[in-house]
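Here's the structure, in structure tokens; my notes come after.
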């Protein structure tokens, strides 16, 4: 069958993106300006960024053993391909908090995007809008909540040709737009917390995601080596934009911010004073009041016990993540604990998976083990570090194509019917040791 004559299905033929690259290269000689092979991409990113930019995205806690554990966990789970299955069309669509999205992939919250592109968070927010995928904004962003929302709207409003693999048409026609998540780092001034949540809700962010594993930054030697805390460097503005655009924060602490460039980040973001479960009922109730009852999610869960506690206090979802290995050195890989957490909550809440995702096969494995949606972070940052919007789009389209092709060649037609929580799709190898780079010794 001519691939251009494939019947239309529930999902765009993301696999055509590979064909586009082949055809453009063969007919015009134009090749991608950087590799999307994860190992090669991270290496080329070193050449594109300053040390501060590179290590902010890629530093890990301690010796980096948790980062390695994330990749080893993926390596040990192996996909079992099925043959003679009709995969001429695939259904990658799924539902998250009342939104139908074209694939189980969302943009993870990453702060200070201006380290990677002059436009900062406006870049991934726009690309997420174009692709109809959920976008999550970090409290440590380097753009205001309102400007990021506008960029997401701009991306969603872009009209693509009906046969474009870049667009996703919802059930009612037109471009569907994924939900916006607001990732909250909660300080100890409740007035500021309320102000941030109100701004997020007014700007169309309809899911609140509280991060609970980063009251302060983990011990990151590669950042310490170069004093990599951008907030203290002249002009002392990058990374403070979200706070500097908040009227409540500025009314209370604006004069202090002029003297102390770390006032926002040190007091309201990574403040070093942990909250406890006792604070959660107030925060959830506050968000529900502001948003009219929209979902509340806790990010940073690594144990079944904490997952059950989150369910008990009223969370509609959790993010199973170890902050990509950046907080606790020597911790479990997130994929290792995912099956236990899925079994514990028994389908009573949405499970978002995060940490170590690099390929379409990784997304497939996380979904098969019970995740509803998978977050990606470093990948899109690496892409935007190369070519801004074009680089971010290229990396995310490549990931979608990778997942689509994996479904095709592995013989799985529907992500929700054939892959989701399907133990027969995977086989576990407890002795697998993930190699580090192409020439690494096993």
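Backbone N, Cα and C atoms are what each Cβ position is placed from, and that goes for glycine too.
As given in TrEMBL:
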type     : residues                                                             : note
ACT_SITE : 323                                                                  : active site, proton acceptor
BINDING  : 56, 185, 220, 323, 326                                               : glyoxylate binding site
BINDING  : 109, 110, 111, 138, 183, 211, 299, 354, 355, 356, 357, 358, 377, 378 : FMN binding site
DOMAIN   : 30-428                                                               : domain 'FMN hydroxy acid dehydrogenase'
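On the 0 to 100 pLDDT scale, the domain 'FMN hydroxy acid dehydrogenase' (30-428) averages 94 in this prediction.
Distance from the CA of residue 323 (active site, proton acceptor) to the CA of residue 355 (FMN binding site) is 6 Å. Working note on the binding-site residues 220, 326: by count of other C-beta atoms within 10 Å of each C-beta, 326 ranks first. Ranking the binding-site residues 183, 355 by how many Cβ atoms sit within 10 Å of each one's Cβ puts 355 at the top. The recorded positions listed here (111, 183, 299, 323, 357, 377) include 111 as those with a Cα within 10 A of the Cα of residue 56 (glyoxylate binding site). For residue 299 (FMN binding site), the spatially nearest entry among the recorded positions 220, 323, 326 is 323, judged by CA separation. With residue 220 (glyoxylate binding site) as the anchor, the candidate binding-site residues are 109, 111, 183, 357, 377, and the one with the nearest CA is 111. Cα separation, residue 109 (FMN binding site) to the residue listed as 'active site, proton acceptor', rounded: 10 Å.
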